[in-house]
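Engineer: This is the structure I have questions about; it appears just below.
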Amino acid sequence: MATKGLVVYLMSGFALVIVSAFFLANGTRDDAKKSPLVLLPSTLRGSDTEKVWPELEFGWRVVVATVIGFLGSACGTVGGVGGGGIFVPMLTLVVGFDTKSAAAISKCMIMGASTSSVWYNLRVPHPMREVPIIDYDLALLFQPMLMVGITVGVALSVVFPYWLITVLIIILFLGTSSRSFFKGVEMWKEETILKKELAQQQATLVNSHGELLIDTQYDLLIPREEKTEWQILCLNLRWKRTLILVLVWVAFLLLQVIKNNLAVCSAWYWVLFCLQFPVAMAVFGYEAVKLYREHKKRMCTGNTEAICEATIQWTAVHILFCALCGILGGCVGGLLGSGGGFILGPLLLEIGVIPQVASATATFVMMFSSSLSVVEFYLLKRFPIPYALYLMSVSILAGFWGQYFVRKLITFLGRASLIVFILSGVIFASAITMGVVGIRKSIVMIENHEFMGFLSFCSSQ
């Protein structure tokens, strides 16, 4: 019920904002015809096209960027959301980068943090079963849709006015952060009940003198065999499925690199743009059909065991919902310069994945999507190498140590819901920071009488 409410909230909010944007766009065009003070659409994002690359020198800006980058990367990777909604405002407001360069460096930071987190998670056992902590079925299902969504999001970032992107992001982040928070509260209550039951069970095994009582009618439980770090690594790695994800990554990279060397809106440009969809649909369709058939097979035999970490029934409607959410997550990543985890992280929790696996799987998928953008931005020379390497090294350390400390804290407290609260906090903080930057920039555009409507994709690049 809560999921349906969130979907209704997002759909109604998005529809209302986009309809309002069309009315405002028409009004702005009329004003532009009547008044010479309104700047033409081609001048709308002139400031964004000018590269602003501050020098990497020790000072308060670098110190603040280091602290925010470390904390954002640590919390973002633990929550499985990356942290792009924090990095981009920090890089523009504190360090002084232009918006496009800030988005590119943000991708570098997400790639560094997610890569170190994946390396840490590969050496951590599943908390409940003898299976990998990364759900490769869900990774194969969501990664292609996420990459398609990023492509669409980048295109929409060119067309949509800045104020519209800001409002859509605020609506989305407030909805997902509040839903994640309430999900965390539910899990916290369930953990509290479980801890009380365990305490009562332990109390029944001890008499008034503190002596341990053993019921001889039950056999002693066989302790779980402790695995070495190498055995855990081998269990968590699935080479064939990882190879499929790498092949998808390479296919998207080649299409993007070739497309970027062509004239925008030329015939071959649109051919390569559209080729990304069948590539993504092939992998997504393979995994979706596999989950659907396995679900029907188990339903016929009366087997209620979950196919993967998600506890939902893999019906056609649910598979379509996951596809749309994957595309939406990618669109957000393309608009913000993030890895798409702001949708994927909460979605995995919503479909029943436990927090530890949701965090590991979302971070694993983000590693592919963010690294694809980093390679593309490097070829386009969209970020300064020294700053990118420095902040990426900070994120690498933050991703590893963030996972280490939070996992230790979860083990000590026995509350995996901490991951959900961290996820909710990062999304909410991103809503605030992106809102402040977006409102500030929109006010400047209004004061300068700049065009506030939709732009042409072909003429505005």
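A Cβ is built for glycine as well, from the same backbone N, Cα and C atoms used for every other residue.
What TrEMBL says about a protein is an automatic prediction, not a curated fact.
Sharing the record's features from TrEMBL:
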| type | residues | note |
| --- | --- | --- |
| TRANSMEM | 6-25 | transmembrane segment |
| TRANSMEM | 58-82 | transmembrane segment |
| TRANSMEM | 162-182 | transmembrane segment |
| TRANSMEM | 243-262 | transmembrane segment |
| TRANSMEM | 268-289 | transmembrane segment |
| TRANSMEM | 319-345 | transmembrane segment |
| TRANSMEM | 357-380 | transmembrane segment |
| TRANSMEM | 387-406 | transmembrane segment |
| TRANSMEM | 418-439 | transmembrane segment |
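Have a look at these and tell me how they're positioned relative to everything else.
Structural biologist: Distant neighbours of the transmembrane segment (58-82): 90-91, 94-96, 109-110, 112-114, 116-117, 338-342, 344-345, 348, 358-363, 366, 370, 391, 394-395, 397-399, 401-403, 405-406, 419-420, 422-427, 430; these residues of the same chain sit at least 6 beyond its ends, with a Cβ under 8 Å from one of its Cβ atoms.
Distant neighbours of the transmembrane segment (357-380): 77-82, 104, 107-108, 110-111, 114-115, 117-118, 121, 124, 126, 133-135, 138-139, 142-143, 146-147, 150, 245, 248-249, 252-253, 256-257, 260, 309, 330, 333, 337, 339-341, 344-345, 348-349, 419, 423; these residues of the same chain sit at least 6 beyond its ends, with a Cβ under 8 Å from one of its Cβ atoms.
Distant neighbours of the transmembrane segment (387-406): 53-54, 56, 65-66, 69-75, 77-78, 95, 104-105, 108-117, 119-121, 418-419, 422; these residues of the same chain sit at least 6 beyond its ends, with a Cβ under 8 Å from one of its Cβ atoms.
Beyond the ends of the transmembrane segment (418-439), by six or more residues, the same chain brings 72, 75-76, 78-81, 83-86, 88-90, 92-93, 162-163, 165-167, 169-170, 173-174, 176-178, 180-181, 183-184, 187, 336, 342, 345-346, 349, 355-356, 358-359, 406, 409-410 to within a C-beta distance below 8 angstroms of the stretch.
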